[in-house]
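Now, the feature entries from TrEMBL:
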ACT_SITE  TYR160  active site, nucleophile
ACT_SITE  TYR160  active site, O-(5'-phospho-DNA)-tyrosine intermediate
BINDING   GLU246, ASP298  Mg(2+) binding site
DOMAIN    131-192  domain 'Spo11/DNA topoisomerase VI subunit A N-terminal'
DOMAIN    196-232  domain 'Type II DNA topoisomerase VI subunit A all-beta'
DOMAIN    241-411  domain 'Topoisomerase 6 subunit A/Spo11 TOPRIM'
Amino acid sequence: MADNNKRRRKDPIGDELPFKNKLKSDVSILETLKDFSTASSSSSVSQTLTLQDLTLPFRCREVADLSLSSVQSNIESLILKIAHSIISGQGFSFDVPSRSATNQLYVPELDRIVLKDKSSQRPFANISTVRKSAITARIIQLIHQLCLKGIHVTKRDLFYTDVKLFQDQIQSDAVLDDVSCMLGCTRSSLNVVAAEKGVVVGRLIFSDNGDMIDCTKMGMGGKAIPPNIDRVGDMQSDALFILLVEKDAAYMRLAEDRFYNRFPCIIVTAKGQPDVATRLFLRKMKTELKLPVLALVDSDPYGLKILSVYGCGSKNMSYDSANLTTPDIKWLGVRPSDLDKYKIPEQCRLPMTEQDIKTGKDMLEEDFVKKNPGWVEELTLMVKTKQKAEIQALSTFGFQYLSEVYLPLKLQQKDWL
């Protein structure tokens, strides 16, 4: 009988979740979200500033989406120029735009990183650059073949066409970005894509190569984001916002709980470091659907770094920041101040390493962080307390605390930066 009573004893988790008593009704939270979504839609219409609209003291280099025929024409013009240089006895050299940190600049008016117009020579008749020149020529040849055949390949496919020359995929990938910049086109214009990585689930319908996809009917795993953004079109949604999630574990929790049905939204993740396809897909959703984007990342310097790549661009691909960045992403959580605010236990917090602290201090010097006082305050607190935490730290209050309490309360209080 005693055992039966024990079995009947009520589990306290769920009724006594911290801060659950502060939650208003879902109807009230939805009204708040509707106002936020409407205001965001109105502001996104007016934000159409481009690099050409600014008068900067230096020239900048930006690429554009080009057709295969235009890419082919640019390659042939480049090769003819090189052939003429060889015939005239001046040798063989590539004029390669510099993608070094010193040639990049954050432009506050655009809220993204841009590439300045400095370039350097990559001569074949020089022992320090001969191999890289050969790799550049080989990559250009392969891209020309893709243009003629009209097919797509992955970066891995490209690497395996000449493993002995490339030696490491990092080298072929880097030269691929150089070639994209040289030809003045986006990397997707070269018909070279990365393997599928990002996934999306929630209140979104779109066409993928002519097939209509309903992301509410894709199960817990969601729909893989197509590596070729040209396949995507006809986006439709009744969502009130886009929830950008850093990690797969948090994404799976929200997908399984059908969070997007309780609060109409689209949930997307790149499962860590943002890939090009996910960045392009996020920008396309933001541009076409005119929805606000809220980001859920770990409370550590790398979480904020990932958020900044989506919002301001990566230094590695600053030449294509106009196409790869999504403006005005709000930092929803998990923020350093949340650790005390939500009473995250000490055993769920992690001490920052020396490298973590250095990364945090370096980020405080970045212009895109300085522009947002809230970010500066949160990052300063993180470096001061020397504590970090993952999104999963919220699971200490229950596996569904993220979807049942934390996110609804954040949305109710408009607690984003």
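Every residue, even glycine, has its Cβ placed from backbone N, Cα and C.
In the shown protein chains, 25 other C-beta atoms lie within 10 A of the C-beta of GLU246 (Mg(2+) binding site). The Cβ neighbour count for ASP298 (Mg(2+) binding site), using a 10 Å radius and every protein chain shown, is 21.
Cβ neighbours within 10 Å of TYR160 (active site, nucleophile), excluding its own Cβ and spanning all shown chains: 12. Cα of GLU246 (Mg(2+) binding site) to Cα of the residue listed as 'active site, nucleophile': a span of 30 Å.
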